[in-house]
Amino acid sequence: MTSLDAVAAKSPARSFTISTYHPPEHGWRGQLLIKLAIIAGVALVGASIGGLPLNLIIVPLLPVVLLTLAIVWVLPENRNPPTRLMGVMFFWYTVSIILWPYYLAIQVPGLPLIEIRRIFLALSIVLFLICYSSSRAFREELKAAALTCKTEMKLFWAFMGFMLAAVPFSVDIGTALPNFVKYQIGWTAPFLISIYIMIRAGNLRLFANVIRISAVVLAVIGFFEYRNQGILWANHIPSFLKVSDPAMINLLEPVFRSGEYRVTGPFSVSLSYAEFMAMAMPFFIHYIMEGKNFWLRALAVIAHLAIFGAILLTRARVGLVGTFAAHGIYFAAWTYRKWRQERNNMLASVLLFVTPVALALAVATIYAVPALRIATFGGGAQSASTNSRWEQVESAIPHIAQRPIIGYGPGKSASVLGYRNPIGELSIDSYVLAGALDYGALGFAVMVAMYAMFVVRGFRVGQAGHGELTNAIPAATGIAVWMFIKIALAQEDNVSILYIYMGIIVAVAYRLKLEMDGAQKDKPASPPAATSR
């Protein structure tokens, strides 16, 4: 043993302490240079923010963001991270992205719009990073939850990899990079945050109620908006919430089709309004089928009819497609679950075999009845939009063939396609085309596989669950509805809700695993087998 080792062995153990900080002594010249350097750096960042276009502001802000992340990362261990406050901010974010119009925001010259949803999301992300950095238990629980859905998480990170790989090869990096950052903030962050929040008992039920109540509020807004024949708040916006962007100002203009007003609500277009309502429908159906309170179930039936009525007021085919998909997919999953639980139940067995026939008859009826066929698949007044979609498909195929592996960059599909609507605006009507152009055919295939696997996983864990855990079934149905609608809709208004649905499925899978592990521990050990002598 060396002398140093001997001394260390004899000396008593002491806890590590940081010595008192003594600021370095600089002469007046050194202090002046340091202060001038700080002032120059701040002035340079300020000038960059003020002079650069909005899509490049992220460049001068990147050092500030990295420094903030470094500060958060070195936070000391905390046994009580602010998870509760994170949950509160997250639920307010959910409400704001559904009910608050994103074009009602505070506009500061030279800065992005300060939206209500962005404030709640930013607070949620900061609190999430603090929890992740300062709590080992938080990190381990989030990791354990993700490991229960290995295939889905691998596809998720692979899709994000394709998205990132498309940025340096984009036709416009200055636009693709901010879009990538925006998607990570608006998609990845809510996904990861929702996983942890939905693990907590009671939050799944609360989220389902938030979706239902928000949909009912939207329906009421839609009925009054239709009566008003215009956006309700269009002429009552406070000056501090008005924006100068012409594209956003145009969103306040009333939209008609064949002389009939199309309800839009707080969304950018009526189709996105109908899309959310269709994605919310499975939660109403789920409570109607599984709820315990008779009067609340009756109220859910009335609300469900109101939601369908609001969808009709949008004059959006995607709303009807989503409605049919929501009912067909949910009832197929519910029937299979009922049959698995009660194999001797004659009604469940009959429903299991009747459901496919009923779905086929429903599709045949839609095709056979002209009014239903036109309202659902187009024709008549909708023939122009149908023709434009086919024109976009023909134009997109050569562009996709040029970059089948790495696409043109996040958010660049419309400019690459170059299709303009009758009023001269760049337009793309299908998320299928948008995804294939943005991320490449291979990246798009990974994206579709990811969503499909989450749907399958959601049905599996929902059927195996009980109580609030069965909300994985309407969440999975909502993802499937979104996939159907995206064939004819490229707007991304509800993608954040989609990723929250995915987070619900991961959380339910993890909670089921915990229950199974707990049941195995509580199970009494089997007595040793008797041996013959």
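Keep in mind that glycine also has a Cβ here, set from the backbone N, Cα and C atoms.
Because TrEMBL annotations are produced automatically, they should be read as predictions rather than curated entries.
What you see is a predicted model, and the numbers here were worked out from it, not measured in a lab.
Positions annotated as transmembrane segment by TrEMBL: 32-50 (among others).
Feature annotation from TrEMBL assigns transmembrane segment to 56-75 (among others).
Listed as Cβ neighbours of the transmembrane segment (87-104) (distance under 8 Å, sequence separation of 6 or more from its ends, same chain) are residues 113, 115-117, 120-121, 123-124, 127, 190, 193-194, 197, 200, 203, 206-207, 210-211, 214, 217-218, 233, 237, 241, 243, 245, 248, 251-252, 266-268, 276, 496-497, 500. Summarising the annotation, TrEMBL assigns transmembrane segment to 87-104 (among others).
What TrEMBL lists as transmembrane segment is 116-134 (among others). If one looks beyond the transmembrane segment (116-134) by at least 6 residues along the same chain, the residues whose Cβ comes under 8 Å of a Cβ in the stretch are 69, 72-78, 81-83, 85-86, 89-90, 92-93, 96-97, 100, 102, 104-105, 142, 185-186, 189-190, 192-193, 196.
Summarising the annotation, TrEMBL assigns transmembrane segment to 155-177 (among others).
According to TrEMBL, the feature transmembrane segment maps to 183-199 (among others).
Look at TrEMBL and you will find 267-287 (among others) tagged as transmembrane segment.
Among the features that TrEMBL reports, transmembrane segment is placed at 294-312 (among others). Sequence-distant contacts of the transmembrane segment (294-312), counting only residues of its own chain at least 6 positions beyond either end whose CB sits under 8 Å from a CB of the stretch, comprise 212, 215-216, 218-220, 222-223, 263, 273-274, 277-278, 280-281, 284-285, 287-288, 319-320, 322-323.
Here TrEMBL flags 305-447 as domain 'O-antigen ligase-related'.
The annotation transmembrane segment is assigned in TrEMBL to 348-369 (among others).
The annotation transmembrane segment is assigned in TrEMBL to 439-459 (among others). Counting same-chain residues at least six beyond the ends of the transmembrane segment (439-459), those with a Cβ under 8 angstroms from any Cβ of the stretch are 149, 151-152, 155-156, 158-159, 162-163, 165-166, 333, 400, 403-407, 410, 432, 472-473, 475-477, 479-480, 482-483, 498, 501-502, 504-505, 508-509.
Summarising the annotation, TrEMBL assigns transmembrane segment to 471-489 (among others).
Same-chain neighbours of the transmembrane segment (495-512): 94, 97-98, 144-146, 148-149, 152-153, 156, 186-188, 190-199, 204, 207, 276, 279, 451, 454, 457-458, 461-462, 464-465, 469, 471-472, 475-476, 478-479, 482, counting only residues six or more beyond its ends whose CB sits under 8 Å from a CB of the stretch. Positions annotated as transmembrane segment by TrEMBL: 495-512 (among others).
Packing against the transmembrane segment (155-177) from elsewhere in the chain are residues 53, 55-56, 58, 183-184, 188, 191, 403, 406-412, 415-416, 438-440, 442-443, 446-447, 449-450, 453, 502: each is 6 or more residues past its ends and has a CB under 8 Å from a CB in it. Below 8 angstroms of C-beta separation, residues 83, 86-87, 90, 93, 121, 124-125, 128, 131, 138, 141-142, 145-146, 156, 160, 163, 207, 410, 495-496, 499-500, 502-504, 506-508, 510-511 of the same chain, each at least six residues beyond the ends of the transmembrane segment (183-199), sit close to that stretch. Listed by sequence, the residues of this chain that lie at least six past the ends of the transmembrane segment (267-287) yet keep a Cβ under 8 A from its Cβ atoms are 98, 101-103, 208, 211-212, 214-215, 218-219, 222, 251, 255, 296-297, 300, 303-304, 307-308, 310-311, 314-316, 318-319, 321-323, 325-327, 329-331, 470-471, 473-475, 477-478, 481-482, 485, 489, 491, 493-494, 497-498, 501. Mean per-residue pLDDT, taken over the domain 'O-antigen ligase-related' (305-447), amounts to 78.
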